[in-house]
Amino acid sequence: MSAIKDESNNDHLVQSHDPEHPANLIPALCRNFYGHGWVTGTGGGASIKRDNHIFIAPSGVQKELIQPHNIFVLQYPTPKYPPSARQYIRKPLELKPSACTPLFLAAFDRGAGCCIHTHSQWAVLVTLLVEREKGLEGCFEISNIEQIKGIPKGKGKGMMGFFDTLKIPIIENTAFEEDLTSSLEEAMEKYPDTYAVLVRRHGIYVWGDDVAKAKTQCESLDYLFQLAVEMHKLGLPWVKP
């Protein structure tokens, strides 16, 4: 398929009175995330897949101020690379496409319905603690905490239990967001049941089968990361012996 030329003319794709429409949900999610400190200073982002369309928040804008008309829309499936090959069917001319786009696409290729990227301080801190305690190859692990029940065991495997050990892989940061894609996909292959990947000194990518699941899983993980930092201060182990 050739690239769509008049990307700015499909405004109907982001115009809806339905609060559950992706073009309305993404601004609402970003306002919510800003309140948590997850998308400060234009960082982070969110994307939703509906049928054969991908809706994505723009790059380099104040996330708490995003409006439906700021949303990019991609035809799906679409190539990750090169960026010029991506099939935009709506592209606000005054804004930049999200640098997270190929990483979001990696999650959608795994069957996700929504992918969230945050710059949570708690996520960053646990990546540093894991590096200090386990080295660069270590992953985040925690067990025997009630909130673990908010995380799936894997596709079609139900939710984790209180006595299960949650494992979240960590990848190294890169100078440019898009360059994280191959490492993210490698982590997805190594941990096929994961619904999240931490990025050291950067943040986290979380995805779910739909918007509600991605959001609640992101909330549960951030709770666990904050708890882990506080447990570390008290000398408490993350995984109960």
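Even glycines carry a Cβ here, placed using N, Cα and C.
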Further Zn(2+) ligand in Swiss-Prot, beside His117, His119, within candidate set His17, His21, His202 | His202
Other C-beta atoms within 10 angstroms of the C-beta of His117 (Zn(2+) binding site) total 30
Does DSSP give Cys100 (substrate binding site) helix, strand or coil?
-> coil
For the Zn(2+) site built from His117, His119, His202, further residues of that chain with CB within 8 A of the site's CB center | Gly43, Gly44, Thr118, Ser120, Ala123, Val199, Gly203, Ile204, Tyr205
